[in-house]
């Protein structure tokens, strides 16, 4: 049972960022008390830590290398990347079971699985056991990465939804920073603790996530969609911090009802609906869920985030110690850049930030390629500085928006499935990038940057032509986003890619009420 003492912005914050401690006193008396990280931030902190923890462990003549037979570049890539296979499998499970179990149960299950996976990895004595632990941990993270963005999108208004998801992206990078610097600190320790402690530490975040979400409600949209209207209304009232019969609460309930009635007109959900066109445009929505995650992974961002020390050491000829320090500094730069979307994503929109991000990333990798082609130490230092600039560009757009966009672009009927499909492709693409990067660096060196420079340049026209703007829209408004039709769904011909106005769903509610009154 969730704690009903949280209301209004404090319930939203408890789900999305920070929450007051649960106590017997009224919430109004607790606003200045110590706070704890809430479930969505816990989930993304865990995600970021997992992404970075292996980067400072593999690829060196250290205790980990000696314990696991000095893995080759290809084997190093597999050790890091096989985690993403587990994430992809977890996303498929979320696709199949997510709508049935609900957001809350999926997140709790994901946290539990990650604890088990961490135990397997930490106790590993063979490479096979390490692989199994990485896959199991990834399985739990696949549950979370598919469910947390949906949970968050369904519990906050359109005017702050982008900012809150961007906050989670910042928390992700804080997790990455913690992993990098813990790896660096433990590199001076001898014995198996050098790698067992950093790997085992992620269980702390998973345990916190489990207990945090256990005290929170499921999303009101999911509750109402599954016949639990009374409970859904109570959650809506708590989110709005108003009485059950308050007009604002009733209006939100009506918007959800209209959205659900439009989407349930075809009867029980069929998986073939994901391929349907028409005014709702489910197939187009699924393609966008895939595209925003596919393009994110082939920006080259995770080549940096997963393998920065290896990249600095093997393409730029820097020492292992300096490479570890630069890896941590790169993560700090990324973290600072991730704060920028907190102020920009709900002011400038999703499309502008994505196109700015892709353009800047392409230019950065072009400059890095030119500098590294010179083969001098000074040029390598210059390329390192440009990598820091690349992290700023990835932070302002392609870091947060792929976590936000799939949940925003999907209707309630397919939202959990659309996010799961997007997450599946994200993890499979991450696996491909991380698996191929160490051998690619070993074979073609700095030329790997040219490949990603070209890909980043290709994403700009793709975003401009096909990605509709969702800034400020309520989730119920998004149902109408492709009603203009055409090859681009009206995106190309609409100023700023905005194909629908805000509060379209509220207008539909008013029309329905007029029709009911006329029938009377």
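Using N, Cα and C of the backbone, Cβ positions are placed for all residues, glycine too.
Here's what TrEMBL has on this protein:
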DOMAIN    36-471  domain 'Major facilitator superfamily (MFS) profile'
TRANSMEM  78-98  transmembrane segment
TRANSMEM  162-182  transmembrane segment
TRANSMEM  194-213  transmembrane segment
TRANSMEM  322-340  transmembrane segment
TRANSMEM  352-372  transmembrane segment
TRANSMEM  379-401  transmembrane segment
TRANSMEM  416-434  transmembrane segment
TRANSMEM  446-467  transmembrane segment
**OP:** Any chance you could find the range in 78-98, 322-340, 352-372, 379-401, 416-434 with the most Cβ pairs under 8 Å to the transmembrane segment (446-467)?
**Re:** 352-372
Subject >> Any contact, the transmembrane segment (162-182) to the transmembrane segment (379-401), with at least 3 Cβ pairs under 8 A >> reply: yes
Subject >> Distant-in-sequence neighbours of the transmembrane segment (379-401), which means Cβ under 8 A and at least six residues beyond its ends >> reply: 162, 165-166, 168-169, 172-173, 292, 295-296, 299-301, 304, 311-312, 316-318, 326, 329-330, 333-334, 336-338, 340-341, 344-345, 350, 353-361, 364-365, 367-368, 371-372, 446
**OP:** Restricting to the domain 'Major facilitator superfamily (MFS) profile' (36-471), report the mean pLDDT as a whole number.
**Re:** 86
